[in-house]
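Taken from TrEMBL, the feature 2-oxoglutarate binding site covers N232, Y234, H244. The annotation substrate binding site is assigned in TrEMBL to D247. Marked as compositional bias 'Basic and acidic residues' by TrEMBL: 169-181. The compositional bias 'Basic residues' annotation in TrEMBL covers 187-202. Per TrEMBL, the feature domain 'Fe2OG dioxygenase' maps to 225-306.
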Amino acid sequence: MSKRTLDAFFKPPPKRTKEIHTNSIDIPPDTHPTYPIPIAKLPIHLTKAMEENTPAREAKVMNSQPDLDCLYFQPFIPRSTANELFRFLRAELPFYRVVYFAKRGGVDVQINTPRFTTVFGVDEGCFFEDELFHSTASASVGEDGDGDGDVIRHDLETTYPVQLPTTKQDADTDAKTKQDTTEALTLHRKPNTPSMKHKYGHSPRPIPTCLQHLKTLVESATNTTYNFVLVNYYASGDDSIAFHSDDERFLGHHPSIASLSLGAEREFQLKHKPPPSPSGPGGKVPDTLEMMGSGQQLNYHLRPVI
Ligand SMILES: O=C(O)CCC(=O)C(=O)O
Ligand SMILES: [Fe+2]
């Protein structure tokens with residue numbers, strides 16, 4: 001199977017650094033039946049740079065607001081290493097966009113999540129290969145978190161994630177052609193299948209070595225263990241995530257979430273719920289790590305459009 005990743009969707013395709021190629025060449029990639037493509041391991045020099053220099057700063061404890069329980073590392077990974085890691089992950093991970101249906105005023109409305117995503121670990125959200133054609137469960141990732149009727153867009157022939165626009169102009173063209181292409185390219189969860197919101201009924205996708213490595217660094221810095229890795233890619237200022245809490249029941253009672261930002265500056269806001277009054281830190285800086293503890297039950301967070 002020839003390899004195709006998010007980078008293949010960029011015009012012109014970003015040049016990958018020689019370092020990644022030369023260092024990765026002798027290290028076999030991770031493969032798994034649930035992966036649509038082999039996933040490269042981190043080049044040795046990058047692994048070493050991360051190990052030696054992370055965390056780059058001590059954590060700040062952020063607990064000045066009610067129910068705020070947050071550690072903030074800024075930076076977590078030094079900028080040049082973080083930038084290389086960002087390019088590596090963007091080039092190597094099999095991203096897709098989640099499309100799902102939610103009831104709005106009793107009517108099923110299609111929601112196109114405005115970001116690229118990929119998940120590994122304990123999650124029911126991915127249907128690759130044959131499973132795609134018989135899917136009975138849904139992704140947990142949704143703007144309203146209800147997990148019902150989720151759809152992942154794939155090319156039906158190749159099962160690769162579908163090409164998505166990365167520029168405003170492409171987005172406009174895509175919007176015009178969406179009506180024609182959606183039917184051919186999306187895979188719908190059958191109506192009336194029971195919601196999988198509170199259980200996970202599918203084989204976990206193993207966490208690939210490159211993310212496992214990152215997870216280990218985050219675990220030792222935060223003195224916590226994690227069982228799931230979700231990577232979001234915000235391809236432009238139009239991509240975002242709405243206010244939500246990562247409080248699905250299958251995550252446990254007080255899930256700890258670590259959020260690592262790489263690449264460009266994007267605001268990360270927290271607010272208490274309810275009443276919805278803006279509060280807490282508004283971290284803007286890339287290469288940072290935020291670890292939120294028991295606050296999931298009590299706080300929302302988002303990345304706004306810019
Ligand atoms: O971009 C981020 O750091 C937030 C992502 C997020 O909150 C989520 O996917 O649940
Ligand atoms: Fe979240």
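Using N, Cα and C of the backbone, Cβ positions are placed for all residues, glycine too.
In the predicted model, the domain 'Fe2OG dioxygenase' (225-306) shows an average pLDDT of 79. The Cβ centroid of N232, Y234, H244 marks the 2-oxoglutarate site; residues of that chain outside this set whose Cβ lies within 8 Å of it are R115, T117, D239, S240, I241, L302, R303, given in sequence order.
Across the structure, N232 (2-oxoglutarate binding site) and D247 (substrate binding site) place their CA atoms 18 angstrom apart.
A separation of roughly 22 Å, to the nearest angstrom, links the Cα atoms of Y234 (2-oxoglutarate binding site) and the residue listed as 'substrate binding site'. Residues N232, Y234, H244, recorded as contacting 2-oxoglutarate, have a largest CA-CA distance of 17 Å. Other Cβ atoms within 10 Å of the Cβ of H244 (2-oxoglutarate binding site), summed over all protein chains shown, number 15.
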